[in-house]
Amino acid sequence: MEQLLGIKLGCLFALLALTLGCGLTPICFKWFQIDAARGHHRLVLRLLGCISAGVFLGAGFMHMTAEALEEIESQIQKFMVQNRSASERNSSGDADSAHMEYPYGELIISLGFFFVFFLESLALQCCPGAAGGSTVQDEEWGGAHIFELHSHGHLPSPSKGPLRALVLLLSLSFHSVFEGLAVGLQPTVAATVQLCLAVLAHKGLVVFGVGMRLVHLGTSSRWAVFSILLLALMSPLGLAVGLAVTGGDSEGGRGLAQAVLEGVAAGTFLYVTFLEILPRELASPEAPLAKWSCVAAGFAFMAFIALWA
């Protein structure tokens with residue numbers, strides 16, 4: 001028991017150190033600032049951004065969405081079994097079967113997607129004056145020739161970037177808490193180490209991508225560091241909670257509530273991935289095949305890690 005506790009505490013500090021190191025690297029080194037980059041340097045940063053976009057895409061589909069769907073289905077099955085009497089089993093078995101076949105997980109993830117869509121639309125409706133955007137972003141996104149040459153259609157307004165960055169941080173924070181919670185609840189040393197290594201493998205790349213995203217959005221260094229620090233604390237927080245509640249009772253809908261929150265977080269993450277990250281990285285027309293290769297490489301790496309996650 002003491003060995004298991006020591007391993008989990010080691011995982012806690014490893015998660016904290018890796019997240020801080022990977023997240024702060026793009027913020028602390030000026031080489032990653034795309035605004036001042038020119039020529040080959042700028043293209044390399046663009047391709048790194050495409051790799052991070054592929055990592056986000058893989059994390060959204062292969063980890064967050066997959067885990068949310070599995071957990072929601074499992075918790076709904078438990079919830080329905082616990083709240084069904086013997087008489088109801090005999091009289092409404094067909095109805096229960098129909099309820100079990102309904103895609104609850106997909107619905108919850110979609111609700112998370114539309115919830116953020118609504119919040120963003122509401123913010124833009126209430127603050128129409130914010131549509132101006134920053135000078136740097138206007139230079140990067142402006143220029144009618146980009147819209148004419150590129151086939152991806154109209155790009156999102158640059159003023160939405162900070163809001164979507166906030167949504168990205170919140171969704172990743174939720175997911176990080178649940179990842180840490182899962183590590184903290186593991187019953188054996190082998191299971192704890194295996195899950196922690198899987199989390200470390202994909203979390204490092206994801207947080208590095210978050211750091212790059214904050215830098216490219218022109219976030220001040222102070223707020224960027226503060227954001228990474230908060231994100232870094234989420235997995236250790238979840239792990240600490242897992243240690244505190246090990247052996248506790250998961251009845252009373254607590255597991256279902258956790259699964260629903262994870263589904264909503266997955267939906268918000270997909271929203272930001274498809275409407276902010278991918279369009280921004282694919283906006284400029286240079287090296288389209290190289291960009292595709294980088295996005296595919298990032299996704300493939302996350303799909304490979306999903307074998308052990």
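First residue shown is number 1, and so on along the chain.
Cβ coordinates come from backbone N, Cα and C, glycine included.
According to DSSP, GLU276 (Zn(2+) binding site) is assigned to a helical segment. What Swiss-Prot lists as Zn(2+) binding site is HIS175, GLU179, HIS202, GLU276, and the listing cites a curator's inference.
If you look up Swiss-Prot, you'll see HIS63 marked as site 'Critical for the pH sensitivity'. Its own atom aside, the Cβ of HIS63 (site 'Critical for the pH sensitivity') has 24 Cβ atoms within 10 angstroms in the protein chains shown.
Residues in the topological domain 'Extracellular' (1-8) partition by DSSP class (helix H, G, I; strand E, B; coil) as 7 helix, 0 strand, 1 coil. Annotation source Swiss-Prot lists topological domain 'Extracellular' at 1-8 (among others).
The topological domain 'Extracellular' feature in Swiss-Prot is assigned to 68-103 (among others).
Long-range neighbours of the topological domain 'Extracellular' (186-189) within the same chain, counting only residues 6 or more positions beyond its ends whose Cβ lies under 8 Å from a Cβ of the stretch, are 3-4, 7-8, 195. Per Swiss-Prot, topological domain 'Extracellular' is recorded for 186-189 (among others).
Taken from Swiss-Prot, the feature topological domain 'Extracellular' covers 246-258 (among others), and the record attributes it to sequence analysis.
Annotated transmembrane segment per Swiss-Prot: 9-29 (among others), in sequence order, evidence recorded as sequence analysis.
Residues annotated as transmembrane segment in Swiss-Prot: 47-67 (among others).
Under the heading transmembrane segment, Swiss-Prot lists 104-124 (among others), citing sequence analysis as support.
If one looks beyond the transmembrane segment (165-185) by at least 6 residues along the same chain, the residues whose Cβ comes under 8 Å of a Cβ in the stretch are 8, 11-12, 15, 64, 67, 112, 116, 119-120, 192, 195-196, 199, 203, 206, 210, 213-214, 217, 219, 227, 230-231, 234-243, 245-246, 258, 261-262, 264-266, 268-269, 271-272, 276-277. The transmembrane segment annotation in Swiss-Prot covers 165-185 (among others).
Per Swiss-Prot, transmembrane segment is recorded for 190-210 (among others), and the stated evidence type is sequence analysis. Long-range Cβ contacts of the transmembrane segment (190-210) within its own chain (Cβ-Cβ under 8 Å, at least 6 residues beyond either end) map to 4, 7-8, 11, 14-15, 18-19, 21-23, 25-26, 52-53, 55-56, 58-59, 63, 168-169, 172, 176, 179-180, 182-183, 227-228, 231-232, 235, 298, 301-302, 305, 308-309.
The feature transmembrane segment is assigned by Swiss-Prot to 225-245 (among others), with sequence analysis given as support.
Residues or ranges marked as transmembrane segment in Swiss-Prot: 259-279 (among others). Long-range Cβ contacts of the transmembrane segment (259-279) within its own chain (Cβ-Cβ under 8 Å, at least 6 residues beyond either end) map to 52-53, 56-57, 59-61, 64-65, 67-69, 71-72, 74-76, 105, 108-117, 152, 155-156, 160-161, 164-165, 167-168, 170-172, 174-175, 178, 213, 295.
The annotation transmembrane segment is assigned in Swiss-Prot to 289-309 (among others).
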Which listed stretch (9-29, 47-67, 104-124) has the most C-beta pairs under 8 A with the transmembrane segment (225-245)? 9-29
By Cβ count within 10 Å, point out the most packed of the binding-site residues listed: GLU179, GLU276. GLU179
Same chain, outside the transmembrane segment (47-67) by at least 6, Cβ under 8 Å from its Cβ: which residues? 32, 34, 109, 171, 175, 178, 202, 205-206, 208-209, 212-213, 216, 262, 265-266, 269-270, 272-273, 277-278, 280-282, 287, 290-291, 294-303, 305-306, 309
Could you measure between HIS202 (Zn(2+) binding site) and HIS63 (site 'Critical for the pH sensitivity') for me? Cα positions, answer in whole angstrom. 9
Lowest local Cβ density (other Cβ within 10 Å) among binding-site residues: HIS175, HIS202: HIS202
I'd like to know the mean pLDDT over the topological domain 'Extracellular' (68-103). 70
